[in-house]
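Novice: Copied straight from TrEMBL:
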type	residues	note
TRANSMEM	6-24	transmembrane segment
TRANSMEM	31-47	transmembrane segment
TRANSMEM	53-69	transmembrane segment
TRANSMEM	81-98	transmembrane segment
TRANSMEM	118-136	transmembrane segment
TRANSMEM	148-169	transmembrane segment
TRANSMEM	181-201	transmembrane segment
TRANSMEM	317-335	transmembrane segment
TRANSMEM	341-362	transmembrane segment
TRANSMEM	383-403	transmembrane segment
TRANSMEM	488-506	transmembrane segment
Amino acid sequence: MLFNSLEFIFIFLPFTLAFFYGMLFFGLRRYIFVFTVIASSIFYAVWNPPYLLLLGASVAGNYGVGVLLDRLPASRARSWVFGLGVAANLALLGWFKYTNFFINNLNSAGFDFTAQNIILPLAISFYTFQQIAYLADVARREVRPAGIWRYATFVVFFPQLIAGPIVHYKDMVPQFFGRHVGRFMAANLTVGLAIFAIGLFKKTVIADTAAGFSTPVYAAAAAGEPIGLLAGWTAAIAYTVQLYFDFSGYSDMAIGLARMFGIVLPVNFHSPLRAASVIDYWRRWHITLQQFIVTYMYQPLVLPLSRFAAEMRLGRWASFGVTVALPTVILFTVIGLWHGAAWTFVLFGLMHGTYLAVNEAWRETRRRARRKPGGAPTWLDRLGYHALTLLAVIAANVMFRAADPGDAVAIWAGMLRFDQLPQIGAALPATAAEAFSEPAVFLALAWALILLGPNTQQIMGRYRPILAWRRWRGVAAPAISLTWRPTPVWAVATAAALFLGVAFVMRGQSEFIYFNF
């Protein structure tokens, strides 16, 4: 079931909220976890009922491993149980997501394996990572199992089940016992609805409109047609707009839905396209995935590499290569593959890993220079850094969107056809009416909103819209500030965003991009 579907907005959500608050009103809080699991299971089963059994088996299996980890003392056996639990999760993900990818590549190398008829289970990438994080937290004695229904709620809570944000058990489950659930129903419903309306508007009005400008060009590239300068840049820029508003819109909707139930989720996006470096971009893009990678993959990988560099007495740059550049490139290649079983995603991850390694090297060279008088970057430097970051992100997104690497190369080649500039100038619209029908106007407005306007949590900042809001409150302050309040003006604005979001659904319902991962 999609958040932007009419059956979800007008049937599933109202009935679920009514039952949830009805149970609280009649003193049935102890059954909240059971109800949440049942409602979330219905939500998931609408997509493909048989795969609900797979999700249930995954939840039960990981809960059992967590209980065993909690009971075992620190020992080699405990490490083996943890390792086997993680391996089982990765094996399940690998079978469903990567089996045919490897078969097809082996067949390309001359083998003759039969491709399997496998349907990728919805949300498997997300609930696999979320449960691996849980097992790691139990192994570290940071959390303890507290009942199968609580654990199942943590995994399948429908606002975050399909595409995140990736949450931690210790952050979410205790909230069901907190004062926000039940006691502030009107406030939670109002704030949650406003956040949901913003997300729906971003998805259906902005992202889906941008898709109309990018999709035909990528289809032309896939068909082998030559791509011109204007078409190439339009497709690349429009897809970056689409991807940002699609995924951040989904995250807003998830955060808003959870808030309607009194649950506060972590932030997933914080104006990443205003970043002045690729490092800062990844601190603000898909934040919960980045935090998972750093905590559960990067740090465990870097520690032994750092010991190796120290034992070998490597020099400054050799040590940098071993302890920073190498793990960064490896892990971002893995992140690329996590997004999808295709070489385009692998290359996308490799590109960003290389970007980050170069960015870290640049920071290393500039660290001493910045300590000298006049060494701090000027506003012109920062503008250049921001422009370079955007170009790098847009270029990588071309690979992310393309059906195969050849299509991405065709788009890039079109973007470099600067010999066509005179033709573009001759084809500029002659009247204002023609100008406003051009994608350039829509994209200019979208980018103005991205670069100058507040993000959703900044608009809703008075009401603690996300976990750890104090940390993010002062980051990427917008040029144009807007603050949501329960006033008639904002009520009209919220209703308008919700109405337009629903109205644009009527032109054709589309899945969220990250539902495919």
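Glycine is no exception: its Cβ is also placed from the backbone N, Cα and C atoms.
Show me how these features fit into the shown structure, please.
Specialist: Within its own chain, the transmembrane segment (81-98) has Cβ neighbours under 8 Å at 54, 58, 61-62, 65-66, 68-69, 72, 118, 120-121, 124-125, 128, 131-132, 135-136, 139, 337, 340-341, counting only residues six or more beyond its boundaries.
Tertiary proximity for the transmembrane segment (118-136) is limited to same-chain residues at least six positions away from its ends with a CB under 8 Å from its CB atoms, namely 44, 47-48, 51, 54-55, 58-59, 62, 65-66, 69, 82, 85-86, 89-90, 92-93, 95-97, 99-100, 143, 151, 154-156, 161-164, 166-169, 289, 292, 295-296, 338-339, 515-517.
Outside the transmembrane segment (148-169), and at least 6 residues removed from its termini, the chain residues within Cβ reach (under 8 Å) are 33-34, 36-37, 39-41, 43-44, 55, 58-60, 62-63, 66, 122-123, 126-127, 129-131, 133-134, 137, 176, 247, 250-251, 253-255, 257-258, 261, 263, 265-268, 286-289, 291-292, 512, 514-515, 517.
A Cβ distance under 8 Å defines the sequence-distant neighbours of the transmembrane segment (181-201), meaning residues of its chain 6+ beyond its ends; these are 3-4, 17, 21, 24, 29, 32, 175, 248-263, 456, 459-460, 463, 465, 484, 486, 490, 494-495, 497-498, 500-502.
Residues 97-98, 100-101, 277-279, 282, 320, 324-325, 328-335, 392, 395-397, 399-400, 402-405, 408 of the same chain, all 6+ positions outside the transmembrane segment (341-362), place their C-beta atoms under 8 angstroms from a C-beta of that stretch.
For the transmembrane segment (383-403), the residues of the chain that approach it from at least six positions outside its boundaries are 214, 218, 221-222, 235-237, 239-240, 243, 273-278, 280-281, 339, 344-345, 347-348, 351-352, 355, 377, 411-412, 415, judged by C-beta separation under 8 angstroms.
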Novice: Do any residues, 6 or more residues outside the transmembrane segment (6-24), come within under 8 Å Cβ-to-Cβ of it, and if so which ones?
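Specialist: Residues 31-32, 35-36, 39, 42-43, 181-182, 185, 189, 257, 260-261, 502, 505 contact the transmembrane segment (6-24) from elsewhere in the chain.
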Novice: What else in the chain is close to the transmembrane segment (317-335), if you only count residues 6 or more beyond its ends and a Cβ gap under 8 Å?
Specialist: 289, 293, 297-298, 301-302, 305-306, 308-309, 346, 349-350, 352-354, 356-357, 360-361, 364
